[in-house]
């Protein structure tokens, strides 16, 4: 983790470096996230006093190369929905750049090698890119920064993917990140730019110069990347790009009452035709929408209404949650792991691949859980309460499978998968960090029922159950065989039986977590691998003993 400032030159009051470049200079604008024109300080500075600006995007094989061994179409790290969204966003960005007299230069290969080659080939004086907190990008940026510093290339890497600079928050908090939302809010205060005028448009851009020997392409299609477009019965309604982001934003903030009264965690997780949230998370993830611009738009609405909700539940509060997770993730080594993560409870989770696959592939036998997992696979998105339900079910609620396994599935399938937020939410929902009330479990039966008693959400995403009467739609295994036959859905044949009994499984999960919490408390947070093995053995022995006692009890009753 670096606590250095986010760029290398002193700043003027406008937030841009004071050093003036030679008007004949060449700038490279390296797009990674931040796929937008509005409120893009890196792009704005690249254009300042430059003769040529080279807008570059590198197709990184690590993220984009097809992986035929993965459990769903896509690369090793991203499902097809997210790759498609990224390509749509790049096409939209290219169109916007062309309107400004420029274009997007797409290259392919290991990003640090490609960028360094371009810096040499195009005689670049100024390299601009948005600051990124992810460890992968931090490592890439270190390589490129050390080369650029060596040859005297100016670097401008502003923080514009978040509302605050995480490094500054950590410094203000004495060198460690605030670990609760309220303490984060207290340390962060108001964003320094919140009342200033953000640049939301550019009139033109200097064109790229001579491209030399660099192999440039247009934005590729999925086919160009080696993917086959399958004939799906339902495509995600979420389309990529800044234009779509701004259209959705405009639609959301037009309903001033809705913005003013927004209250998370309220909202209907079963609403899919018209979701109960903005569905702007994918656009924030890829930076098609500036969080700072979104923040100011909400502020504007709030100024003009009599009353509105406040953080943490308000819409502004949601953007602050995002920054909270970014800050904790940036300041916590091994944030994405249980081992070596100082803020994570050490718990001897099971490694049951069969249960994991049943959950991932929508075969748990609990229609509410399975319908959510089908929506995830088809749309790459689902409501935050739906995410809570399936994450709780996999980990501390029913299946007791390691949160890292569920995180990997979300990381692949979500269009809005974001390293800091995805890991933060899995730590939270597994009661490994942030939230510790492990007795509060989402029921895979009654939770969905209170929002959607007729089961329309289940009928849509699990058509095998579309004719099941509403009395049994959440618990089809309880339906008499005559009703299952009439509904053309025999449980155990057309739709699976439940993989666990919720009542006994959740009771067992609570027992195991109570023991794990006790161990963490006793060891004062220094739980070794050996300690976990011992606890796992003890839990297994206790379980065997308990089932023996039950059998003996039943015999004596008989």
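Note that Cβ sites are derived from N, Cα and C of the backbone, with glycine treated the same way.
Annotated domain 'Photolyase/cryptochrome alpha/beta' per TrEMBL: 25-163, in sequence order. DSSP states for the domain 'Photolyase/cryptochrome alpha/beta' (25-163), grouped as helix (H, G, I), strand (E, B) and coil, give 59 helix, 31 strand, 49 coil.
Annotation comment: TrEMBL describes 277-281, 318-325, 416-418 as FAD binding site. Long-range Cβ neighbours of residue 319 (FAD binding site) (same chain, at least 6 residues apart, Cβ-Cβ under 8 Å): 163, 291, 294, 295, 298.
Every protein chain considered, the tally of other Cβ atoms within 10 Å of the Cβ of residue 349 (site 'Electron transfer via tryptophanyl radical') stands at 23. What TrEMBL lists as site 'Electron transfer via tryptophanyl radical' is 349 (among others).
Summarising the annotation, TrEMBL assigns site 'Electron transfer via tryptophanyl radical' to 403 (among others). Other Cβ atoms within 10 Å of the Cβ of residue 403 (site 'Electron transfer via tryptophanyl radical'), summed over all protein chains shown, number 25.
What TrEMBL lists as site 'Electron transfer via tryptophanyl radical' is 426 (among others). Around residue 426 (site 'Electron transfer via tryptophanyl radical'), the C-beta neighbours below 8 angstroms that are at least 6 residues distant in the chain are 391, 395, 403, 404, 406, 407, 410, 432.
Taking all protein chains in view, 21 other C-beta atoms sit within 10 angstroms of the C-beta of residue 417 (FAD binding site). Residue 279 (FAD binding site) has a Cβ environment of 18 other Cβ atoms inside 10 Å. Each residue contributes its Cα atom, and for residue 325 (FAD binding site) and residue 349 (site 'Electron transfer via tryptophanyl radical') those atoms are 24 Å apart. Note: the Cα of residue 279 (FAD binding site) and the Cα of residue 349 (site 'Electron transfer via tryptophanyl radical') are spaced 32 Å from each other. In the structure shown, the C-beta of 325 has more C-beta neighbours within 10 angstroms than that of any other entry among the binding-site residues 277, 281, 321, 325.
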